[in-house]
Structures are given as structure tokens and as C-alpha cells.
């Protein structure tokens, strides 16, 4: 090949575009070395000139095997158009200074640039390494320099890297590789010994998580794993160029390149070594190689694992159905060759397999098809098989070798150690973090090689849910057969061979310590913190002894923890996780029967009493004292509570989940809301009569009916339209407790309770003040008894007994559950007693009505019957004042002149 002109600093530029050379995939028969299979998998390949000692990829006839490569013919013209496919896609007229160079085009533009152009690569992995994905990218070429020059080279660009790409430079006794990604303005740089006058193979790989690695003659030379931020780096061009730049302050070097190759993935160390040995010949040395240069006297044997790694990389691009993918991975795990693994191959196989598993978990159909957990458990078992094979076949000459890494699937460790090499008091995996497993040092007694495999899965727990207790070997969980379990922590695995010597008794030692930080979903956290539920946490492991993964707690005990973490002690090793079971609080059968009996009897009695109350109010409606607004409110409240309790009694015999049950749930919701709404009206009316006077009763009549019947209807319409499926679908014909629809009842009910309690306190203070004044003026001790009586009378109509329902939310508040059942179910009885049977106005009206009936039966007095008035009931003639003062009237001279008839 022809050498390039004198270069001040030999550069490899990626400025990028579209007319690359693609490599044929069929391996020629004449080239059986596995390194040529690595070369055949390249994305772009420019063989350039034939160089003695550097082998190219040939077909069966010995011809160069490339695609879309046109070797430029001899040109006599001084100028050619470079949009000719023989040159490049540049649409400019250039001067061919040297003609054909390395089967590229050596150009000199007006700006004085001396370059080899290979085309442009817009929007590709080559133009932007950040677009290569997690697989990364690899650049490879052979390079040599021809010594110093005394004359300067033609003028060229000075120190610029264009677009996202890389730069390779040799100057002043140093070689360097720089790689830049414009997307995040990151730069990686590594230095190495520059090539001399002998052909040197330079290859570098880049992966976003591993950074830059530079290999010289097949061996890792230097690296930059982290990189740094650089915002002022490069120009936005897209050409792929090998060329030179001039710096008058530096020495000038001639340089030459051969076999320029790009893989759109990062090669493994084994692949790099195989390609290098293939390129230089099975037993050949590099031509003109000095004695001090590393040589390859023997050929690396065919790596039995390389085809598996390659197939995994290729097959995962075609993954679609989880079931098919799982069977493929299981076949891979069962057909792994029983051959030794170097550290590099073991690490590569581990990373590739776990990366493949990560691709499986990202399939849109995986979540749906893995709902029964069998698919996920099969995947975990397959991973265990592969990792066990890798650890058992890992070869090492050192007493302690550990391979560690992390992927989207799991954090892993594969170790092969001699126990005497372990000096720490315990072995811990992983070494850092809140979730880990510890093995005491005294449990590792074996003097032979010990293999250790650790896996901390990142997302596997999300796919292990809805576990039926009957399908587990956790006796405590079976106590609630309908309460499903779910994984509440990371899944962590640790396998040691030969197994550690552990106590078979949980009270003995040594034992395995498993410390797991909980990873709760929003639903899990909500269920766990709900006071109506009881939370159970189990230390569990996956038992594959039966061929299928079964969760078991045998040999494990939870020794410490809370809602954030759990600590377990176990007598064995395997896959561990914390299982969570949420059990709704349930009373004993005896308490359930007692509370049900109270509810049945109380509601039945209330229905009868409320019916009697409504009949009484209807019969006495012609009496003026019963026609006032207060008794209208009592009647509406009684009717709402009556209908609600009748519907409640009917719901006890309905089948949940049916359409009639759903309709009944809607009616229950509405009528219980109306009951609370009329309790609120009772409170507001009491406030207006005792504390303030807002106006006449007639002016508030429509407002009260709007609150009592209109507001509940509006709330129900909104609730039904937004969550109709929450009605009658749980264990009873009521709103589903697990959904937000329950707040369409609880919210208004709590509001009414709070408002009425405030009103009750205010009214009680007024009554107490009047009672105190009455006692001071008249010395009547019965005034204090009237305060207690007034409170007792107001409680049923204000609904404050529902406070006990709020307090009765757990099994530790059993007394409140009984109090709520008694007071709430007997609300109708209390209304009938306090506001009908024992009410003086109602009794007086009833006596008057009785007299009217008796007079009506006598024809002699029918025509003389006069309208009844409150004055007549009180024993006073119309127009005269009563001479008998009640305790309330005795205080009329005080400042508290209020209307207490509402009480």
C-alpha cells in the first residue's frame, strides 16, 4: 500500500455518512479460524491494501469478500466529481493529489485538509456512539508510523474533532484515543504507547456503562471507564475520515493504516484476541515485528461458548412470545458445553445471558402471560441453572477470583475461592446496599475450591404477585385461603458449593442472615397501612425440588423488622424474598353472631318505632303545634331512616355481585345519605332556633328540602356515573371498601357528624347557662337535670352516635363495635321515645285529638267544636297568660331570652 504524506499527528477522524462497506456473513472455507467469524460479523469493513502478514476476509476463490465496494480505476483527469460511487458521496470537485490511497480517496481541498474520505454516516451508530445502545461500538485498524520528517506537511485543520466520534493521535512519544458523545457532552480519553515503524493492531471499544477500553495487539492496554463532561468539543460534521493535521510546533510523522473495521457492538476480550490472531495468521508473526513486540506463536482454540453468546445476542432481537423465549433459554441452559471457562468468557456469558433475560422482561406480553407466576418462576430456575454452570466451570489459577457486575436484570457475583482466602468474619452478598445475605465464616469449613453465585434481582419481584396460599408451603398463610400473597422485597439468591455447614435448628448457630429492604407498590402500602387489615410478613424461599417453584418458609424465621425492612435467619441457601399477606380483620364467630343479632333485632324494632312515629305525626298533623317546621323535619328524618333500615334488612339476604344487589346498593347509598342530610337539617334548625334567628320558618322550608333530598341525589348521581362498578360487588350489597367510591358516603357522613357535634356543644352551653341562671334566681335544682335530658333528646336526631362507628375500625375496639351496633340500630326507637312518646307537645296534641274524636262521636257537640290551640293545650284560655312558669320561663328575666321549644 502507499504511505500517507508526512503527518504532524496521525489522526483517525469519524465525521460520518452513508456509503459504507458491508461485510458478507458467509465464512469462506479457506479461513476456518474463529477470528474470521468475528470479522464477518462486522458492520463495516475497509480492507484497504494487501499487506504482507495481515490477512483479509477472502471468499472461496481467494477474492476479497466485501459488499458495495468499488475499487477506483486509474484516472488521467486532474479533477473528478466525488459523487462517483468509486469515491464518496461528497458533491464537490477535488484535486487528487496522490490518486488511489488505501482504496480510498486522498484529497486536498482549498482549506488545506489532507484526508482519506470514506463517506458520511448521518443518524447512525457510527455517527453517534450514544445511538449504539447498550451493546456499544468497536473500532479496529492496523497502524504504523514511518519516522520523523524535517519538512512540514501540507497545511491542515488544527486540533478539532467533528461530530460525535473519536480521535486517535500519535505525537511526542504518546498515543491517545478520545471518544465524544454530543448528546450528553461526555468525553473519554485513554493514552497508550504509540506504534513504531511496525504494524500495530489498535482496537478500542466503548459502552455507555463501561466507558472506553483500548486494546493493543489483542491485549487490554488502557481504559477510561467514567469519562468527563466537555461542552466545547467537536464540530457538527458527519464524515468518516482518516487523515492528518498540521501543528508547526510538533514533529511530523508519516503514517499508514490497514484493515479498518467497525462493529456496532463492543467485542469481548476473547473475540478481540481471536480476530487479532486470525488477522496475523495462525502461526505467523507481524511482518517486521521487532523481538520486543508481543507475538502470537499459537492459535487460540475455538471457544465453545462463543456461538452461544453470539446466538443469544442475535436471538433476543427477535423475541416476541414469552413462552417461546422461555423454552429457548431453557434449551440454552441445558445444552451448555461442559468445558472450562476463562474469566473473560465467564463474565461475557453472564452479562449476555442476563441482558437477554432483561429483554424478555421488557416484552409487553410478559406481564400479562406471567400473571400465574409459573412463567417467572421458570425463568428464575433457568437463570440458576446457567449461573451454576458458569461457576462450576470457571477456571482460575489464583486462590480467589470474583466476577461482579450489574445489568438491568440483576446485580451478580460469581466467585471461586479457597475458604482459607476468606479472612472476614462473614461473607456478604452484595457487599453494599440495604438488601443482602450473610454467611458466617465458621460455616465455610471446606478446604477445597468453593464456588459462590449471588444474584440480587432488580425487578423480578414485580412479576411475583397474586400467590394463592394453598399453592405454598407456608402453614400460617393457609389460615386465610382467600387472602393472596405477593412479594414485598427484592428477590435475592445465593448458592454455595459445597454447601456451608449450618445449624439445622433455628435456635442454634451458625445460621444464614437475610436482610431485605421492602419494595412496596402503592397498593401494597395502602393495604398494609389500612387499619381494617392485619399485615403478615413471611420469610420465604423458592423450593424447586419438586420440579416447580414453590414458596416455602421451612427453615426460615422472621426475627426483626417493620414496614420498611425484614431480617430473617435461615438454615439453608437459595432464592429468598419477603412475602406479604393482607388479611381483613374479622371477629370471632361468637361476636359476629352477637353483633348480627343486635343489628337484626335493633333494626326491626327501629322500623316498627319509626312507622309508629310517622303514623303519629300524620294523625296529629291537624294540630297546630304539630304542624310547625320542627315536626316536618322529624317526619322527613324518620322516613329516610325507616327506608334505609328496611333496605338494610333486605340486603342481608341478597347475593353480592348480582344486578338486584347492585340496585339495592345504590338505594342504600341514597337513603343513608338522606338520613344524614336530614340530621344536618335538624342541627341547622336547632342552631337557628336556639342560637340565632335567621328569619321565619317558611323562608327556610325550601332550603331544608333541598339539603335533605337534593344534595344526596346529586352526590349519588356523580358517584354512579364515575364508579358504578363499585356498587354491590364486594362481600355485601354496599359500596366497595377498597375503592375510592366509599368516600362518596364517608365524606358527607363525617361532615354531618362534625357540624352536628359543634352545634350540640353550642346548644348545650346555652342550656347550661340558662340552667345556672334559673338555679341562682329560683333555686330550682331540676334545671341541671334538664340539661342532661336535652342532650339525650338531641343525640338521636343529630346522628352523633355514628362517632362510635368511626372508633370501631379495628378488632381492638370491640366495645365500640357493640356500642355502635346498639345505638345505630336503635336510632328509630330513640326518635319514637324522645320525640313522640315522651314529648309533652305530642302527648298534649294526642289528648286533644282524643277529645276531638270523642266529641265528634257525640252529635250534640259536633257543631260546637272549636279549633285547637297551644293555649288551650297548656290549660290557658285564649288571650290570657299562664300563671304557671316552666323552668325555661323562670329565666325570662335574664339576658338569655331564647326559643327552647326546639329542645
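Keep in mind that glycine also has a Cβ here, set from the backbone N, Cα and C atoms.
When 338, 636 are compared with the annotations in Swiss-Prot, the one labelled N-linked glycosylation site turns out to be 338. With respect to the membrane, residue 726 and residue 762 are recorded by Swiss-Prot on different sides.
Listed ranges 820-861, 862-903; the one Swiss-Prot annotates as region 'Disordered' is 862-903. On a Cα basis, residue 505 (N-linked glycosylation site) lies 19 Å away from residue 543 (N-linked glycosylation site). According to DSSP, residue 217 (N-linked glycosylation site) sits in a coil region rather than a helix or strand. Broken down by DSSP into helix, strand and coil, the topological domain 'Cytoplasmic' (621-632) contains 6 helix, 0 strand, 6 coil. Figure note: comparing Cβ neighbours within 10 Å for the glycosylation sites 311, 331, 505, 543, the maximum is reached by 543. Around the Cβ of residue 348 (N-linked glycosylation site), a 10 Å sphere holds 22 further Cβ atoms from the protein chains shown.
Neighbour density for residue 562 (N-linked glycosylation site): within 10 A of its CB lie 8 other CB atoms from the protein chains shown. Listed glycosylation sites: 217, 338; maximum Cβ neighbour count within 10 Å falls on 217. Within the set of glycosylation sites 311, 331, 338, the entry lying nearest in space to residue 217 (N-linked glycosylation site) is 311 (CA atoms). Mapped onto DSSP classes, the region 'Stachel' (575-583) shows 0 helix, 9 strand, 0 coil.
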